[in-house]
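What TrEMBL says about this one:
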TRANSMEM  36-58  transmembrane segment
DOMAIN    49-300  domain 'G-protein coupled receptors family 1 profile'
TRANSMEM  70-90  transmembrane segment
TRANSMEM  110-132  transmembrane segment
TRANSMEM  153-173  transmembrane segment
TRANSMEM  193-215  transmembrane segment
TRANSMEM  247-267  transmembrane segment
TRANSMEM  279-303  transmembrane segment
Amino acid sequence: MSALNATIGETIAQSNQSIQICPPPRHELVVKVLKYFIFGAIFAVSLSGNCFVCWVVWKRLRMRTVMNYYLVNLAAADLAFTLICIPFDLPVQEKSCIWPYFGALCKVLFPLQTLCASASVFTLTAIGYSRYRAIVHPLKTQIGLADAKKSIYLIWLASLVLVFPYVLVLRVNPSTGHCEEGWPEPKQIYSRIYSFTIFFVEYAIPLPVVFVSYLKICRELRLNGDRVPVAQPDQIKDSEKVLKMSIVITIVFAVCALPNHIAWLVLDFFSDNKCAQCNTWVILANMFVFANSAADPIVYTVFNRRYRDEFKSLLNCQEVEMGEHNENAVDLDDRVV
């Protein structure tokens, strides 16, 4: 009997060893390669595209308009999001949410991601308001560059305030090795309140307000386009195209951000295992958020002629003439085609 048990034990050991050294199923390998390819493409496009946007506005004085300042702020948030998320999130996913970094980074990494997302949606709101004020209320004092800079500071300050509770509760759980939220009792209630707050402040409140503003702008341009103060007759069409670009940017953000908000609300309300954040659906939701950072500079280039001209001059190593720009200037629109 002992010999039989020994034989069975050896057989089981050999079987376990063969299972351990067996390569992963082919479909899992294909999915992993595809995931890394998509993340790599998103990272490359976002890094190069958003750096280009920041470089153009910094280099060319004529590009320093209110609209472009907001676009640079959006590009900076997208760029920071890309550099923070993709390189650091992938190792966490590969280790099944086991935190691979030192503990202090747990309080920094995820809040920075939320910070950048908040800054993005607040910037979109500021863009919508500046367009609304310029076109629907043209006789009122308009937003100048100094005002835009102040609002950008406020955007980041508000984003910091929003993520501060998140910084306080995050810590690495020594028993699981996961970077988790350590809310006080009742933990579930506080966690759900914060998730709801993030959803409403970052999505449910600002985006409808922005879309209503754009609807009013469209109505104003259609019914009273002749009342909009412009220097040239064709600038009404240019205003419409700037509006179209702004709407597309907002729609792209809304579509890309929604799956991530839904995923986290589902985790908070219908799942007891926060490690489910590493499952396929949440990874796909994160991929949509990452893709938004790469999509924004593409939208700018497609809708804005100046960005296309600067991109062509960069490729051809040509210098574009730099004009003077008034620090207090107010732009009703940026030239697009």
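A Cβ is built for glycine as well, from the same backbone N, Cα and C atoms used for every other residue.
Scored on C-beta pairs under 8 angstroms, the neighbour of the transmembrane segment (70-90) with the top count among 36-58, 110-132, 153-173, 193-215, 279-303 is 36-58.
Across 36-58, 110-132, 153-173, 247-267, 279-303, stretch 110-132 shows the highest tally of CB pairs under 8 A with the transmembrane segment (193-215). Note on the transmembrane segment (153-173): residues 73, 99, 103, 106-108, 110-112, 114-116, 118-119, 122-123, 126, 179-183, 194, 197-198, 201-202 of its chain, located 6 or more positions outside it, place their CB under 8 angstroms from a CB of the stretch. Mean pLDDT of the predicted structure over the domain 'G-protein coupled receptors family 1 profile' (49-300): 87.
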